[in-house]
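As given in TrEMBL:
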DOMAIN    12-125  domain 'CUB'
DOMAIN    127-240  domain 'CUB'
DOMAIN    243-359  domain 'CUB'
TRANSMEM  499-521  transmembrane segment
């Protein structure tokens, strides 16, 4: 059979910078050569996008396109986070519109079976186009220079492979104003066409609000009249289903988009955890791999995950991470915590997986002989009192006023004495049973008392994933003493030395009183 060869100097790949053009696989329409790899980089003016379409397409077929294939990337780098699709066989790729002004096309053939290949055409789209992918960026024509007059642009966004809604955020906005926005304006529609429900019409210099569609489609229409312009606008979009979530349950878990596969580039994702007043939020990092730190600054300048105390990025920063790190848990100071993921235009990684648990507000104190535990009823309003118990279910909480209350002696309720840092402490386990619908969900807190000092502390010992929390995670308020690490030697028997000591003191006092009374009577 005829074996196609790649002649020396054959044109294959390159940079295409004209406003429009065509390119094809080597030898087209004859079979392409074996063991060939070509990369075409299409670069148009910033503020424009690239429209790419295929007029003929015939590559060797494989179900996973593992032999001969064509790949299309948003941006200049061959990065999994930028990949728009991999194609082979006889079904041509759909038309593409890039999310910014650069698009890369990669063609590769193996050493067996060659077909006719493909032809493609591209053109610079002054504005508008069909946008795919989980995220992308949109700018008005010539941005940040003044946009032209008499322009109408339509961006139709359909998130590839997503069934969730889309979120659109404007980061800059300056369009000719006027009452009713009848001159220049941006209009948003909840669907792929202008026949879809209207989401808003905006002009002037105030940023339009964050907009969330009800489906995986969104249309953005920009129109300018015959005079007076402005700087225009810049906006980014992302699939809200994986990238914009609010959690209100006492515990939960979530991960970066596409985890454990590579996350998309050019993202800004937010996960907001909002719990009842009095609670704090504890976040556990089960797995994390982001793009690493900058070699120049040593900081997380590229991709990063940040945690903020409260519901907004104005809250105090609890931590910021990147690279491949094993992270300690983070606890909020309020009942809300916000996690924000920023990714840049290249070098994506596996991402992260996170679990969180709400730290129940409680007041723990102790005497030389007793634990005192109080939890506001409103914090556990949905629970019966017998769902809150110390050591065993027979030591359940009582309802006293507005609090669940447990007051119990050290010689009951499964308490035990242990040596920690050469100090005798009394330890028990507080159980809070959130189980529902046949799903067991019991949170465990270790309560600890140092009787000589009458100091108590509490630690979460089982929350979102007990197998990962094999060491007690301290949840003590700043004013409370932190419990020490468990000594390898544990005294399992009940230590009653303090109780015996108190009893002897009382008995000695009684004997002394009897002796004094006897002397008086004599």
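Backbone N, Cα and C define each Cβ position, glycine as well.
Here the domain 'CUB' (12-125) is broken down by DSSP into helix, strand and coil counts: 3 helix, 54 strand, 57 coil. Across the domain 'CUB' (127-240), DSSP helix (H, G, I), strand (E, B) and coil residues number 1 helix, 53 strand, 60 coil. Summarising model confidence by region, the domain 'CUB' (127-240) averages a pLDDT of 86.
For the domain 'CUB' (243-359), the DSSP counts in helix, strand and coil order read 1 helix, 55 strand, 61 coil.
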